[in-house]
Amino acid sequence: MKTLGEFIVEKQHEFSHATGELTALLSAIKLGAKIIHRDINKAGLVDILGASGAENVQGEVQQKLDLFANEKLKAALRARDIVAGIASEEEDEIVVFEGCEHAKYVVLMDPLDGSSNIDVNVSVGTIFSIYRRVTPVGTAVTEEDFLQPGNKQVAAGYVVYGSSTMLVYTTGCGVHAFTYDPSLGVFCLCQERMRYPEKGSTYSINEGNYIKFPNGVKKYIKFCQEEDTPTQRPYTSRYIGSLVADFHRNLLKGGIYLYPSTASHPDGKLRLLYECNPMAFLAEQAGGKASDGKERILDITPESLHQRRSFFVGNNHMVEDVERLIREYPDA
């Protein structure tokens, strides 16, 4: 049995900027995940369920657990003196860590994806993305350090809190998964170099918004529902409403996750920096593909911290089918 800590140290030589700091950074995220795991498991017993009464910068009502997870992860990263600053879905602006100007890395995160599902005991997750800063080491980080295209990520991953808690990450050398053993207090390696199955047969989308979708996406949904033996259609529809949970299932079973633009969200709804980029990095490392329907997610240069984007991620052939239909059936 190999622990996450042992595995990271063992694979450190594969990382082009190996200094030991990235190992410590991932350990800090691991600690934060353990704390969140502990409190999610007793969420119904303490007063951390429901809405907090506050709103984030996007105008969304923050759940109590959103704020709790954000503070715990922020504290875990700040305590190690290895991160110069963070950007979070729950913070209006970047958070500069004073006294950490010497640090080489910045972290972007969605502390608790799918938190509205907590009240009904459905899987949620944490998403993280790590970059090397671009401003000089020794100075305070600026927004420039965070507004980098996804192809500059040095590591990314997620934690899914479900029937078991799993941490999945990549440093650009494959995707690896670890299951948390609460009796030992450690994450243990359960899957190394994860890959999408050759063919996917599941599509994940909120079909309740069908009437609002672009024409190409509507055509793709119909394509998924058609009977066609050579392509093993119709596909199965599975949608949890938690990006981490839907992505994780499709990675294991084969499938595509779709969150297109709508009339009310013409640029898409998912955040490019906190959700799309890290999941796109993981998908490509697992042999999949991620697109906004027209271009590769990882090649998009962000313009703002909370920028949104349409998002299609999963098996190559499924994402390519969506892109093809979006091209063939443009909106008027």
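Glycine is treated like the rest: Cβ placed from N, Cα and C.
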One of E89, E143, E144 listed by Swiss-Prot as binding Mg(2+) 1 at the site of D110, L112: E89
Residue among Y131, Y235, Y239 sharing the substrate site, where Swiss-Prot lists D113, G114, S115, S116, N206, Y257, L258, Y259, K269 as binders: Y239
Residue from E275, E284, E295 that Swiss-Prot also lists as binding Mg(2+) 2 with D110, D113: E275
Spatial neighbour of L112 (Mg(2+) 1 binding site) that is closest, considering only the binding-site residues N206, Y257, Y259, E275 and their CA atoms: E275
List of residues, in chain order, with Cβ under 8 A from that of D110 (Mg(2+) 1 binding site) and at least 6 apart: S88, E89, T126, I127, F128, R271, Y274, E275
Binding-site residues compared (Y257, Y259) - highest count of Cβ atoms within 10 Å: Y257
All-chain count of other Cβ atoms within 10 Å of E275 (Mg(2+) 2 binding site): 26
Least buried by Cβ count (within 10 Å) of the binding-site residues S115, N206: N206
Cβ-based isolation winner (fewest other Cβ atoms within 10 Å) among the binding-site residues E89, D113: E89
